[in-house]
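J.: I'd like to ask you about the structure that follows.
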Amino acid sequence: MSSKLVLVLNCGSSSLKFAIIDATNGEEHISGLAECFHLPEARIKWKVDGGKQEAALGAGAAHSEALNFIVNTILAQKPALSAQLTAIGHRIVHGGEKFTSSVIVTDDVIQGIKDSIPFAPLHNPAHLIGIAEALKSFPNLADKNVAVFDTAFHQTMPEESYLYALPYSLYKDHGIRRYGAHGTSHFYVSQEAAKVLNKPLEELNVITCHLGNGGSVTAVRNGKCVDTSMGLTPLEGLVMGTRSGDLDPAIIFHLHDAMGMSVDQINTLLTKESGLLGLTEVTSDCRYVEDNYATKADAKRAMDVFCHRLAKYIGSYTALMDGRLDAVVFTGGIGENAAMVRELTLDKLGLLGFEIDHERNMAARFGKSGTITKDSSRLALVIPTNEELVIAQDAARLTA
């Protein structure tokens, strides 16, 4: 089988992750990160042939300068790779209800991404810049750009999962509903879990936990998403690095009316100053929380609230499994590495038959997958996610 090289772009509001991946075997030829956009220290780091390199992009540089650098400097060193590119895959955070699967980028698709900006105000504008710059930089691949949506996997949710108990007209006229996020990751680890369990995906019942700086839990029944913890935006659900997750909506009125905070200040508080950062008042880094759990009250407090919330979501999603749960799967930076989070969470779920195996749990870290429960226990797995591979495979499939 000949190689199918895909350039995968993930444009954030102040960063751009990129990789060239062979969609046939998952081999990564180049990967990198451009960050600190719009700041004096804007820079780019990349790995090629195992060697790491770094360069300044110039003060105030952003997506356009980063893509120029990728094309004219990094790929210029590898003309053979550049010549073999067959497609460009773009990660898109929010596709609204319009996109239920990955699609080739057209004017209509670009308009659909624009229409979803209110639900992803930081990410979707950055994705549109990435698409525009890619079309400019690779005119030969103009019809080979593919959009892969974080929300697409969750479009199989039934109405009872995605509707809020608000006036129905808010959904009909304004699209206010649950959309979820991290769908590409939840889909990937569901596929991988089916392989581990030697089951067809369409017979798989799992609860997948993508835990990183952002986190979400998804109920997967018969291979399809039936519920997920993130909502209209990625603010709902779990305790996250700097996001509050679930709270009583009336807290917002109290902050405004009694404490005189503006809507913008409340938005900043809930999205950038809450979560682990808010609970520790020190850091959003889960490693600090894990390392200091036994000795510092702030770390213990944050960890306990984090795991309590996570266990509640896993427990509630078992009600959606039609009486059969094949496994709970952990992934994402915290899910793959924070053994303490997994242990404290599963310890709360003894009623469901989970019994952690301490040695297995400690072994399944730093990129290693594996079972983390005892042989007599209900199954829990660690599966490192690979969203870039899904994006590359979808791009290759749709442009073949």
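Quick reminder: no glycine exception, Cβ is built from N, Cα and C everywhere.
Keep in mind it's a predicted model, so treat the numbers as computed, not measured.
As annotated in Swiss-Prot:
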- D150: active site, proton donor/acceptor (ACT_SITE)
- N10, E387: Mg(2+) binding site (BINDING)
- K17, H210, L211, G212, N213, G214, D285, C286, R287, G333, I334, G335, E336, N337: ATP binding site (BINDING)
- R91: substrate binding site (BINDING)
- H182: site 'Transition state stabilizer' (SITE)
- R243: site 'Transition state stabilizer' (SITE)
J.: Taking only the recorded positions N10, R91, H182, R243, which one has a CA atom nearest to the CA atom of K17 (ATP binding site)?
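T.: Nearest candidate: N10.
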J.: Rounded to an integer, what is the Cα-Cα distance in Å between R287 (ATP binding site) and H182 (site 'Transition state stabilizer')?
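T.: About 22 Å separate the Cα atoms of these two residues.
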J.: Tell me, by DSSP, whether the residue listed as 'active site, proton donor/acceptor' is helix, strand or coil?
T.: coil
J.: List the same-chain residues at least 6 positions away in sequence whose Cβ sits under 8 Å from the Cβ of H182 (site 'Transition state stabilizer'), in sequence order, or say none.
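T.: Result: D150, H210, G214, S216, T218, M230, G332.
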J.: Using other CB atoms within 10 angstroms as the count, which residue among the recorded positions D150, E336 scores least?
T.: E336
J.: Would you mind pulling the DSSP three-state label for H182 (site 'Transition state stabilizer')?
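T.: DSSP assigns H182 (site 'Transition state stabilizer') to coil.
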J.: Fewest other C-beta atoms within 10 angstroms of its own C-beta: which of the recorded positions R91, R243 fits that?
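T.: Checked R91, R243; of these recorded positions, fewest Cβ neighbours within 10 Å: R91.
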J.: Could you tell me which three-state DSSP class I334 (ATP binding site) falls into?
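T.: In the DSSP reduction, I334 (ATP binding site) maps to helix.
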J.: Counting Cβ neighbours within 10 Å across all chains shown, tell me which of the binding-site residues N10, N213 comes out on top.
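T.: Output for this query is N10.
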J.: Quick one: which of these binding-site residues, L211, I334, E336, E387, have their CA within 10 A of the residue listed as 'substrate binding site'?
T.: E387
J.: Including all protein chains displayed, how many Cβ atoms other than that of I334 (ATP binding site) lie within 10 Å of its Cβ?
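T.: Cβ-Cβ neighbours of I334 (ATP binding site) within 10 Å number 27.
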